[in-house]
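Engineer: Submitted below is the structure of interest, expressed as structure tokens.
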Amino acid sequence: MLVLGIESSCDETGVALVDAGGSEVPRLLSHALFSQIQMHQAYGGVVPELASRDHIRRVLPLTRQVMAQAGRSLAQVDVVAYTRGPGLAGALLVGAGVACALAAALGKPVMGVHHLEGHLLSPFLSADPPVFPFVALLVSGGHTQLMRVDRVGSYELLGETIDDAAGEAFDKSAKLMGLPYPGGPHLADLARQGDGTAFKLPRPLLHSGDLDFSFAGLKTAVLTQAKKLGPELENRKADLAAATQAAIVDVLVKKSLAAMAQTGLKRLVVAGGVGANALLRSQLNAACQQRGIRVHYPELHLCTDNGAMIALAAGMRLQAGLETLQRGYTFDVKPRWSLTPTVARSA
């Protein structure tokens with residue numbers, strides 16, 4: 001069964017093709033991605049209207065590229081999947097519209113996929129895929145959550161951010177330091193030259209006794225420190241970047257370890273854009289190795305938004321019998337969409 005996946009939730013256009021035949025994890029046949037980072041740099045952030053227009057320009061050429069790389073034709077596709085949400089409404093509508101139009105033209109079923117489920121399952125495409133059950137740390141620009149995952153479609157929310165996401169803390173702190181967009185990777189690069197102990201920054205909710213996160217206070221502390229430094233900021237920027245990164249990573253690592261202790265599980269999956277952060281990987285690996293915990297990540301090029309994770313999630317849901325294939329081509333998107341029902345929140 002060939003599944004074509006389309007991702008267009010924010011500022012990356014991704015298309016991929018997987019083979020979900022049989023009971024094995026779907027096999028990635030080909031994928032292509034176009035990032036809009038350069039276009040949005042001039043504005044210091046994502047401009048939704050520009051993002052939508054660029055998705056329109058890119059999605060069909062990327063689809064043709066993916067099919068050519070896989071040596072398959074569109075007529076051979078069995079299911080067309082797309083990101084239904086969460087994300088930017090206009091951007092989501094582009095992917096949904098193209099997916100439904102393609103499926104209708106081909107007479108094939110169409111399927112909406114949850115963006116976060118794609119991230120959560122993306123490590124199954126790695127050379128070291130996880131095994132159920134596991135704890136997942138979903139950490140990106142828009143989300144920071146800890147979940148217990150027993151199988152495909154069974155997700156229990158353990159904790160989440162009550163304000164800013166970790167990726168947002170990276171990006172906003174970088175902006176306060178005058179670093180270019182996207183701020184997170186630039187801050188991480190600069191931090192390599194700095195001393196993470198040079199500034200004492202808060203670790204919000206670190207000792208709260210639950211698994212929730214908060215990063216708004218850290219952002220405020222970075223702003224206060226930047227103002228305090230004044231003209232000296234330029235000379236101390238690397239130290240402030242290192243201290244900021246250390247604070248964010250410290251919270252993510254300790255909360256993840258607390259989740260592992262609470263659940264008693266021995267496998268941790270880290271997914272989302274921030275999962276590519278080298279310091280986070282290093283500290284998690286070291287801490288988990290001491291505790292006999294296996295850590296699984298997506299391949300680095302699949303940490304950010306991509307079509308492969310959408311095609312994979314669709315394929316895995318179909319294999320698990322969680323979807324009934326539909327040929328109705330009216331569609332709606334869900335810019336706000338929780339992956340876990342409220343009642344699934346652990347006490």
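Every residue gets a Cβ built from N, Cα and C, even glycine.
Quick paste from Swiss-Prot:
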BINDING   His115, His119, Asp305  Fe cation binding site
BINDING   Leu138, Val139, Ser140, Gly141, Gly142, Asp171, Gly184, Asn277  substrate binding site
Engineer: Just to verify: the residue among Gly141, Gly142 with the fewest other Cβ atoms within 10 Å, which of the binding-site residues is it?
Structural biologist: Gly142
Engineer: Between Val139 (substrate binding site) and His115 (Fe cation binding site), find the distance joining the two CA atoms and give it rounded to the nearest Å.
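Structural biologist: Pair distance, Cα basis, whole Å: 13 Å.
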Engineer: What does DSSP assign Val139 (substrate binding site), in three states?
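Structural biologist: Once the DSSP labels are grouped into three classes, Val139 (substrate binding site) ends up as strand.
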Engineer: Taking the Cβ of His119 (Fe cation binding site) as reference, which residues of that chain separated by at least 6 in sequence fall under 8 Å from it?
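Structural biologist: When sequence neighbours closer than 6 are ignored, His119 (Fe cation binding site) has Leu138, Ser140, Ala271, Gly272, Pro298, Met309 within Cβ distance under 8 Å.
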Engineer: Can you name every residue in this chain, apart from His115, His119, Asp305, with its Cβ inside 8 Å of the center of the Cβ atoms of the recorded Fe cation site?
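Structural biologist: Apart from His115, His119, Asp305, the close residues are Glu7, Ser9, Thr83, Leu116, Gly118, Ser140, Gly272, Asn306, Met309, Ile310.
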Engineer: Taking just the CA atoms, what is the gap between Gly142 (substrate binding site) and Asp305 (Fe cation binding site) in Å?
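Structural biologist: Per the Cα atoms, Gly142 (substrate binding site) and Asp305 (Fe cation binding site) stand 12 Å apart.
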Engineer: Leu138, Val139: which of these binding-site residues has the highest Cβ count within 10 Å of its own Cβ?
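Structural biologist: Sorting the candidates by Cβ neighbours within 10 Å, the top entry is Val139.
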Engineer: Measuring Cα to Cα, how many angstrom lie between His115 (Fe cation binding site) and Gly141 (substrate binding site)?
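Structural biologist: Roughly 13 Å, rounded to the nearest whole number.
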Engineer: Tell me whether Asp305 (Fe cation binding site) sits in a helix, a strand or coil according to DSSP.
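Structural biologist: SS state of Asp305 (Fe cation binding site) = coil.
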Engineer: When DSSP is mapped onto helix/strand/coil, what comes out for Asp171 (substrate binding site)?
Structural biologist: helix
Engineer: Just report the maximum Cα pair distance in Å for the recorded substrate binders Leu138, Val139, Ser140, Gly141, Gly142, Asp171, Gly184, Asn277, no decimals.
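Structural biologist: If we measure all Cα pairs in Leu138, Val139, Ser140, Gly141, Gly142, Asp171, Gly184, Asn277, the largest is 17 Å.
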